[in-house]
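Participant: This is the structure I want to talk about, given as structure tokens.
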Amino acid sequence: MTMTLAVYGKGGIGKSTTSCNISVALAKRGKKVLQIGCDPKHDSTFTLTGFLIPTIIDTLQEKDFHYEDIWPEDVIYKGYGGVDCVEAGGPPAGAGCGGYVVGETVKLLKELNAFDEYDVILFDVLGDVVCGGFAAPLNYADYCLIVTDNGFDALFAANRIAASVREKARTHPLRLAGLIGNRTSKRDLIEKYVSHVPMPVLEVLPLIEDIRVSRVKGKTLFEMAEGDSMLDYVCDFYLNIADQVLAAPEGVVPSEASDRELFSLLSDYYLNPPVEKTQEDELDLMMV
């Protein structure tokens, strides 16, 4: 049975880089994986393929929306590690709806019987405040994964996405698998948030420059690690996420905080940060 994942997070947080590396990690675990980019920039799969692949919406327009004239090889491109890649594309700037494009993408892939061929399908989705259109992949997902960092804005976006998961979970068995902290040197604010809005934290990746560089190079960390074994430990973070997802976790239907409540919680943490114990304080406690 196919497992479907939807990856969300604040714009610029590193969703696509994270998604590509998770897709490769899943492939390394022997799964046949399809990654679907849901962003008008159509750059979700760039680090898997090394170039901007044509979008489904462009292909449909070229064929005058005659689905019967489209073959799998017209829209599905092979990426690193054997991961298959699709870019939904999007409507012209300032016009149309991204949700419609996602719907057309799913419709075409079903026409091609593509969904039945994969162990895991991963949607990499644009947007940090999830409108009805870009929440569409949640209609098909078993699990949502939220990429964040240790900052106010990213966690505020995560809370909004959690609200969308709760809403979509009313109509089908969608669960939030958990948060993924990306390129952050601390996790204290993440822990503060999940103590108030309970949800798993799948992994927190440290502030590793190679993660950012991989995006510019158009390569996953796994591909970069082939020439630099020092990066193997970075790949282990993504393999750990893949293992947790493949274990079919129970997940949660989150109960998000209200905007005012969250603003108060996180801003108070900035204004009144906890006092870190010094080494001398810890020694004093040990002597008591």
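Cβ from N, Cα, C; glycine included.
These numbers come from a predicted model, not from an experiment.
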Participant: Among K31, K32, K41, K63, which residue does Swiss-Prot name as a further ATP binder in the site formed by G12, I13, G14, K15, S16, T17, N182, R183?
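Facilitator: Looking at K31, K32, K41, K63, the one Swiss-Prot places in the ATP site next to G12, I13, G14, K15, S16, T17, N182, R183 is K41.
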Participant: Helix, strand or coil by DSSP: which one applies to S16 (ATP binding site)?
Facilitator: helix
Participant: By a simple count of other Cβ atoms within 10 Å, which of G12, G14, S16, K41, R183, the binding-site residues in the record, is least packed?
Facilitator: G12
Participant: From the Cα of C97 ([4Fe-4S] cluster binding site) across to the Cα of G14 (ATP binding site), what is the distance in angstrom?
Facilitator: 23
